[in-house]
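Under the heading ATP binding site, Swiss-Prot lists Val8, Ser9, Gly10, Gly11, Ala12, Asp13, Ser14, Ala15, Thr16, Val17, Leu18. The annotation Zn(2+) binding site is assigned in Swiss-Prot to Cys192, Cys202, Cys205, Cys208.
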Amino acid sequence: MKKAVMLVSGGADSATVLAMAREIGYEIHSMSFNYGQRNNAELRKVKELIKEYNVKQHKIVDIDLRAFGGSALTDDNIDVPHYHDVNAVPEDVPVTYVPSRNTIFLSYALGYAEVIGAKDIFIGVHTSDSANYPDCRPEYIKSFEKMANLATSIGIQGQKITIHTPLIDMTKEQIIRTGLKLGVDYKNTISCYEPTEDDSSCGNCLACMIRLDAFKKNNIQDPIKYV
């Protein structure tokens with residue numbers, strides 16, 4: 001069975017990618033990060049997801065991105081924006097963008113993949129993300145993959161490392177639809193940037209707005225708790 005390293009956040013996208021990778025038949029080694037994020041409820045959801053998908057091994061890596069700040073997710077001095085209409089969400093890079101986060105996460109995943117002998121890395125970036133987040137764009141992923149094959153021992157030996165982005169051409173609506181077909185239980189996920197202490201989602205941050213809109217377009221109620 002082929003090994004794969006998967007970046008897992010505890011959100012709907014991660015759950016869908018987990019289901020897709022399991023369907024293909026990969027032995028999944030997952031990795032999550034405690035990076036000082038405001039929405040660390042996602043780490044509690046991760047524990048439920050890895051049980052559901054029989055993950056071979058899961059690692060939670062501690063990184064202090066609060067040392068840099070620069071994002072509403074890692075800096076208490078920057079407020080998480082809230083919206084009342086999904087169509088009012090701005091198209092520029094939002095303050096919830098964490099500088100170089102995917103580069104940092106993928107670098108850890110790459111190192112882990114080398115150690116366990118995996119040549120496949122999965123990340124759940126998609127169309128809705130790439131419109132707002134520069135490190136979710138297809139050209140970024142291709143560039144990182146090229147770097148990975150130049151910078152690793154297995155890469156220079158001709159054993160190609162592949163960064164898989166199975167959601168890259170999907171909208172959030174399509175992701176939810178795909179997950180539902182695969183039997184994903186979205187009750188065990190959270191997307192909110194600013195959940196309450198009991199893990200209820202706020203319902204009007206960027207992540208919540210996009211998620212709620214996706215479930216609405218699939219004519220199904222989002223099963224998680226909202227304030």
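For all residues, glycine too, the Cβ spot is worked out from N, Cα and C.
Using a 10 Å Cβ-Cβ cutoff, Gly10 (ATP binding site) registers 24 neighbours. Just so you know, the Cβ of Ser14 (ATP binding site) picks up 25 other Cβ atoms within 10 Å once every protein chain is counted. Cα of Gly10 (ATP binding site) to Cα of Cys205 (Zn(2+) binding site): a span of 17 Å.
Closest in space to Val8 (ATP binding site), of the binding-site residues given as Cys202, Cys205, Cys208, is Cys208, taking the CA atom of each residue.
Cβ atoms within 8 Å of the centroid of the Cβ atoms of Cys192, Cys202, Cys205, Cys208 (the Zn(2+) site) belong to the same-chain residues Val80, His82, Ser191, Tyr193, Glu194, Pro195, Ser201, Gly203, Asn204, Leu206, Ala207, Met209, site residues excluded. Counting in whole angstrom, Thr16 (ATP binding site) lies 17 from Cys208 (Zn(2+) binding site) by their C-alpha atoms. Here Cys208 (Zn(2+) binding site) comes close to Ser191, Cys192, Tyr193, Ser201, Cys202, Tyr226: these same-chain residues lie at least six apart in sequence, with C-beta atoms under 8 angstroms from its C-beta.
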